[in-house]
Amino acid sequence: MKVGVLGARGRVGTAVCLAVGEQDDLELVAEVDAGDALEQLVESGAEAVVDFTHPDVVMENLRFCIEHGIHAVVGTTGFDDARWDQLRGWLAEAPGTGVLVAPNFSIGAVLMMRFAAEAAPYFESVEIVELHHPDKADAPSGTAARTAALVAAARRAAGSGPIPDATTSALEGARGAEVEGIRVHGLRIRGLVAHQEVILGGPGETLTIRHDSLDRVSFTPGVLLGLRRIREFPGLTVGLEPFLDLD
Ligand SMILES: NC(=O)C1=CN([C@@H]2O[C@H](COP(=O)(O)OP(=O)(O)OC[C@H]3O[C@@H](n4cnc5c(N)ncnc54)[C@H](OP(=O)(O)O)[C@@H]3O)[C@@H](O)[C@H]2O)C=CC1
Ligand SMILES: O=C(O)C1=N[C@H](C(=O)O)C[C@H](O)C1
């Protein structure tokens with residue numbers, strides 16, 4: 001498969017270019033970064049792209065790829081319901097084209113989200129702490145937002161009661177942000193890469209599920225898997241789980 005990388009000179013894009021270049025069954029044909037023309041993708045015959053760019057530009061990149069029937073494996077964050085709807089609309093006009101958007105391509109992080117959702121109905125309390133490098137543009141992280149959504153869905157399905165919290169007075173931000181009723185706290189610290197803890201609590205006990213990406217190579221096995229299986233998944237897929245046969 002001929003592969004183009006968007007955001008090729010970025011932190012993750014650099015690691016992805018190296019990983020793709022090492023595979024016998026994948027050929028890196030285009031390395032596109034800010035200011036480069038997307039037409040390179042067509043001229044180089046790219047059959048799939050990997051996008052690790054910026055929330056402000058990812059939709060324009062995807063519109064171009066879908067219009068040209070190029071599959072996309074997307075790590076860039078910043079998606080919401082309006083963006084999902086827009087992508088589904090574009091893909092409806094491009095049958096056979098697949099777009100995978102995963103908030104985290106690290107296998108450990110996918111499992112951390114899965115374990116957190118499985119544990120959630122068994123505990124009264126749950127909060128999420130995400131910790132990242134200070135050059136990250138968005139907060140909370142896409143991973144934390146998705147974890148919160150999965151945990152909230154699992155609690156709803158189990159008929160869990162409200163999460164206990166007696167706070168009546170707080171400095172703004174002191175209790176973090178709320179995503180689907182789940183508190184999410186974001187830390188930005190030089191030296192970190194990408195880390196998350198989901199802390200669950202019940203009477204007399206806590207369970208902490210923690211994942212650490214210590215290096216950006218942690219994202220490349222999931223990206224390679226996405227590329228190798230994208231043809232099997234036309235349309236929009238959110239999350240790596242189906243590609244890992246987890247669903
Ligand atoms: N899903 C996952 O597993 C992961 C997702 N991410 C997400 O991926 C995104 C990128 O992260 P990261 O690599 O750390 O960020 P970087 O800023 O290091 O890399 C982004 C790169 O994209 C470039 N770029 C900007 N606009 C365009 C464009 N229109 N076309 C092509 N390239 C462009 C940037 O150039 P310039 O700097 O000149 O603007 C930069 O080189 C973020 O949204 C992040 O949250 C990160 C890690 C893992
Ligand atoms: O910006 C990052 O670095 C990361 N972004 C993704 C996110 O927002 O969840 C994935 C990972 O946390 C690294």
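Each residue's number is its place along the chain shown, starting with 1.
Placement of Cβ uses the backbone N, Cα and C atoms for every residue, glycine included.
Copied over from TrEMBL:
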DOMAIN    1-105  domain 'Dihydrodipicolinate reductase N-terminal'
BINDING   Gly7, Ala8, Arg9, Gly10, Arg11, Val12, Glu31, Gly75, Thr76, Thr77, Ala102, Pro103, Asn104, Phe105  NAD(+) binding site
DOMAIN    108-240  domain 'Dihydrodipicolinate reductase C-terminal'
ACT_SITE  His132  active site, proton donor/acceptor
BINDING   His133, Gly142, Thr143  (S)-2,3,4,5-tetrahydrodipicolinate binding site
ACT_SITE  Lys136  active site, proton donor
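Here NAD(+) is bound by Gly7, Ala8, Arg9, Gly10, Arg11, Val12, Glu31, Gly75, Thr76, Thr77, Ala102, Pro103, Asn104, Phe105 per the record. The longest Cα to Cα distance in that group is 22 Å.
Look at Ala102 (NAD(+) binding site): DSSP puts it in coil. For the (S)-2,3,4,5-tetrahydrodipicolinate site, the Cβ centre of His133, Gly142, Thr143 serves as reference, and the other residues of the chain with Cβ at most 8 Å from it are Thr77, Pro103, Asn104, Glu130, His132, Lys136, Asp138, Ser141, Ala144, Ala194, Gln196. Each residue of the domain 'Dihydrodipicolinate reductase C-terminal' (108-240) gets a DSSP state, and the totals for helix, strand and coil are 49 helix, 40 strand, 44 coil. Of Gly7, Arg9, Glu31, Ala102, Asn104, all annotated as binding-site residues, the residue with the shortest Cα distance to His133 ((S)-2,3,4,5-tetrahydrodipicolinate binding site) is Asn104. Checked against ligand 1, the recorded positions Arg9, Arg11, His132 give Arg9, Arg11 in sequence order as having a Cβ less than 6 Å away from one of its atoms.
Candidates Gly7, Arg11, Thr76, Ala102, Asn104 (binding-site residues) were compared with Gly142 ((S)-2,3,4,5-tetrahydrodipicolinate binding site); those inside 10 Å Cα-Cα are Thr76, Ala102, Asn104. Between the CA atoms of Arg11 (NAD(+) binding site) and Lys136 (active site, proton donor) there is a gap of 11 Å, rounded to the nearest whole number. When the C-alpha distances from Glu31 (NAD(+) binding site) to the recorded positions His132, Lys136, Thr143 are tabulated, the minimum falls on Lys136. Mean pLDDT for the domain 'Dihydrodipicolinate reductase N-terminal' (1-105) in the predicted structure: 98. When other Cβ atoms within 10 Å of the Cβ of Arg11 (NAD(+) binding site) are tallied across all protein chains shown, the result is 14.
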